[in-house]
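**Student:** Structure below; questions to follow.
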Amino acid sequence: MNLHEYQAKALLQRYGVNVPRSQVAETAQAAVEAARALEGDAWVVKAQVHAGGRGKAGGVKLVRTLDEVQDIAVSLLGKRLVTYQNAPDGQPVEKVLVEATLPIARELYVSMLVDRSLERVVLVASAAGGMEIEEIAKDSPEKILQEVCDPLNGLVDYQARNIAFALGLVGDQVAAFTRLAKGLYRLFKENDLALLEINPLIVTAEGALVALDCKMSVDDNALYRRRELAEQRDWSQDDAKEAEAHNAGLNYIALNGNIGCMVNGAGLAMATMDLIKLHGGAPANFLDVGGGATATTVARAFKIILADPNVKAILVNIFGGIMRCDIIAEGIITAVKEVGIEIPVVVRLEGTNVELGRKMLSESGLSIISAAGLTDAAQQAVAAVKV
């Protein structure tokens, strides 16, 4: 679950990290009042969307008059911002962050993330802040600094100081960075974050360290114990189908292909998508109905898949263990009747009550393609979209 910049900065402040003075606004007039309250002779107006690349897309603007604040707010609020990181139709801008400007001497990069190969939280930093870290890692990997955090001891002072010295910080800045880094580690651990990224972390003309921009992502699997954070979720930023799937207890991720997939089990779902690609097709989604789905849930899953206009065929791949094949068959029949599916549906069933499930499908009178195995199912689905 992603947080907006203003939400992330509020968390940073709780852990002693300096952020610019700012106010959130939902209307152009509120943006003007925010700038007036912040005072100064220049402000930055930032669109609040869950995507990077806002600056290049026109979502971050430096303004010097209150009239400009209003004009930029009007141009952003109620519109959709398209960046290289989000969907082709962009994401809605419902709020802007009006921020006081600061004199910048240097721009740094700092983040906390989970290195899955090491199974550790890692502090990552670079003196090349304000740039895309992926490009830095690719073109100049020597500029990426890392310290691996021990799960028992956490991030210790000497590790933070090592990074500070490598970044070229001096004097009081070293102690300030050490406090900041240890605060970030506590924030990361205590809030079950999956990613915490400050880019840039600036050094002001006075030598202070300030988080100018921040990205935070909370581990979805921990939201049950992070109620305060879960309540901050902005569903308008998520794919509508993904939001509906979440409410239905389904694991759904939209992709760019044209073959809809409904599978039980994440591993089997990924294997199914691999086979579709292997045989020349492109999956339109990842959808795991899990082991406890009902016929109603399966029908709802069909509706979510069909909400994607790019879907030209659907492949249902079920290995019945906890999930019984007759339940899946009932859901398929219900969905086809309710939604009026007019595209090919390829079904591969194996496992618990498979014969009953196949019988239900064959006697339903519906146009459903039965597959003998997973490879056959993938081949038939790919062939169906090419007709």
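Glycine too: its Cβ is placed from the backbone N, Cα and C atoms.
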**Student:** Please pick, from ASN258, ASN264, ASN285, ASN353, the residue that Swiss-Prot records in the substrate site together with GLY321, ILE322, MET323.
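**Tutor:** The record-listed residue among the candidates is ASN264.
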**Student:** Taking the centroid of the Cβ atoms of ASN264, GLY321, ILE322, MET323 as the substrate site, which other residues of that chain lie with their Cβ within 8 Å of it, listed in sequence order?
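**Tutor:** Filtered neighbour residues, in order: GLY265, GLY290, GLY291, ILE318, PHE319, GLY320, ARG324, GLY351, THR352.
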**Student:** Of all the binding-site residues here, ASN199, ASN264, which one's CB has the most other CB atoms within 10 A?
**Tutor:** ASN264
**Student:** To the nearest whole angstrom, what is the C-alpha distance linking GLU107 (ATP binding site) and ASP213 (Mg(2+) binding site)?
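**Tutor:** About 11 Å separates the two Cα atoms.
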**Student:** Which whole number of Å gives the largest C-alpha distance between any two of LYS46, GLY53, ARG54, GLY55, GLU99, LEU102, GLU107, the residues noted as binding ATP?
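**Tutor:** Of all Cα pairs among the recorded ATP binders, the widest measures 21 Å.
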**Student:** Rank the binding-site residues LYS46, ARG54 by the number of other Cβ atoms within 10 Å of each Cβ and report the first-ranked residue.
**Tutor:** LYS46
